[in-house]
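A.B. asks: Below is a structure I'd like to ask you about.
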Amino acid sequence: MKPINVGLLGIGTVGGGTYTVLTRNQEEIARRAGRPIAITRVADRNLELARQVTGGKIDVTDDAFAIVSDPAIDIVVELIGGYTVARELVLKAIENGKHVVTANKALIACMAMKFLPLRRKKASSSLLKLPLLVVSPLFKAVREGLAANRIEWIAGIINGTTNFILSEMREKGLAFADVLKEAQRLGYAEADPTFDVEGIDAAHKLMILAAMLWLFVHSLCRGITKLDAVDITKRTDKGVELRVHPTLIPEKRLICQCEWRNECCAGQGRCCWPTLYYGAGAGAEPTASAVADLVDGTDRGISCPHLAFQPDRLVDLPILPIGEISSAYYLRLRAVDKPGVLADVTRILGDRQISIDAMIQKEPQEGEDQADIIILTHVTVEKNMDDAIAAIEALPAISGKVTRLRMEELSR
């Protein structure tokens, strides 16, 4: 059979790993696919790096558009990142009837609807693939194994970089900046780590997951930059609830065992028991492996609707405003140690129908007149908590900002 020619756009950390994985496992992939699959052209602005990674064995160019327009290329792997050039390259590749594999979550989350109608029109055997590292098994389960099931909620740790940083900080007592530098040295974090540490990458993944679970696509990028890293999504009567933020969960939940650069995702459906998917998330090889797997699957004609539903069935579901979500809360505040402060705080909470589950006041350090107060609340509405925190912070006896963490049982 005719070999499958792959054009690789971008040969940085992930691109270099993808080239290595596909080259190293070439014989195994060929046995499974029934014919050879090989990267035959690479595009990168750094030609010297491209030649170094490929060993000068294949054609390299700094013109990515030449590859997406090359009739000899069957599959385009886009690993450049970003919204602008990557978008034009993907659109051009689709127009030219090529299969596209991309690890660019931001591009898919924000521009899926630009691609789906064109991709369907071209009637190719596979559309855009969404290699989201450890959560891709969940995608397969939803799209292929749970097609008759209604998923109620999913929750997880879906950014390996932030999980690594938090694990290192806890275990070694290191500062955030020091651990971030180590993550960058190990290749777990990008030179500009904003997308990871601000929760934006996790939000992109969560938006795509929500689209796959609930026919929801038009609003994929709404509110991305305003999302506050456990990630939670569920469907309610009022709309889809999407949240990306640090969360306290019971120690007995399996998600609590997810450490270092690993990621995990748990979900529950009406007809199935809770399931959990776990694996390495940060680093070149896990990402490259996911990309290589999708290249192999694309050639073998493994085709399902890419957002789990037929394109003409997708709808625009509302995202529940963050003020309308319900959660229990952990609050930590620093207050002057004097009579009446606790009474003021509890009055503020009570006036807003916020019930206290437990409260601890720590003793002040020697020579200090301020103490930490920790409050656990029962489930309440977010907007009520916002109002309460603003009122508490306005009290003269309160120093600084109130620390707030949401708490989830993950059993609803």
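Positions of Cβ are set from backbone N, Cα and C atoms, glycine also.
So Swiss-Prot says this about it:
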- Lys205: active site, proton donor (ACT_SITE)
- Leu9, Gly10, Ile11, Gly12, Thr13, Val14, Gly15, Gly16, Lys105: NADP(+) binding site (BINDING)
- Glu190: substrate binding site (BINDING)
- 330-407: domain 'ACT' (DOMAIN)
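On this model, are these features tucked inside or out on the surface, and what's nearby?
C.D. replies: Counting every protein chain shown, the number of other Cβ atoms lying within 10 Å of the Cβ of Lys205 (active site, proton donor) is 27.
Counting every protein chain shown, the number of other Cβ atoms lying within 10 Å of the Cβ of Gly15 (NADP(+) binding site) is 29.
The local packing around Glu190 (substrate binding site), expressed as other Cβ atoms within 10 Å of its Cβ over all shown chains, amounts to 17.
When DSSP labels each residue, the domain 'ACT' (330-407) comes out as 23 helix, 33 strand, 22 coil, counted as helix, strand and coil in that order.
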A.B. asks: Same-chain residues six or more away whose CB lies under 8 A from the CB of Ile11 (NADP(+) binding site)?
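C.D. replies: Within the chain, Ile11 (NADP(+) binding site) has Cβ neighbours under 8 Å at Tyr19, Val42, Asp44, Asn46, Leu49, Ala50, Val53, Thr54, Leu79.
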A.B. asks: Among Leu9, Thr13, Lys105, all listed as binding-site residues, which has the most CB atoms within 10 Å of its CB?
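C.D. replies: Result of the Cβ crowding comparison: Leu9.
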A.B. asks: Looking only at C-alpha atoms, tell me how far Lys105 (NADP(+) binding site) is from Glu190 (substrate binding site), rounded to the nearest Å.
C.D. replies: 15
A.B. asks: Could you state the CA-to-CA distance between Glu190 (substrate binding site) and Lys205 (active site, proton donor) to the nearest Å?
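C.D. replies: With the alpha carbons as reference points, the distance is 17 Å.
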A.B. asks: Determine the C-alpha span of the NADP(+) site listed in the record, that is the greatest distance between any two of Leu9, Gly10, Ile11, Gly12, Thr13, Val14, Gly15, Gly16, Lys105, in Å to the nearest whole number.
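C.D. replies: Value for the max Cα separation, rounded to a whole number: 18 Å.
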A.B. asks: For Gly15 (NADP(+) binding site), what is the secondary structure by DSSP, using just helix, strand and coil?
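C.D. replies: Helix, per DSSP.
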A.B. asks: Please report the three-state DSSP label of Leu9 (NADP(+) binding site).
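C.D. replies: DSSP assigns Leu9 (NADP(+) binding site) to strand.
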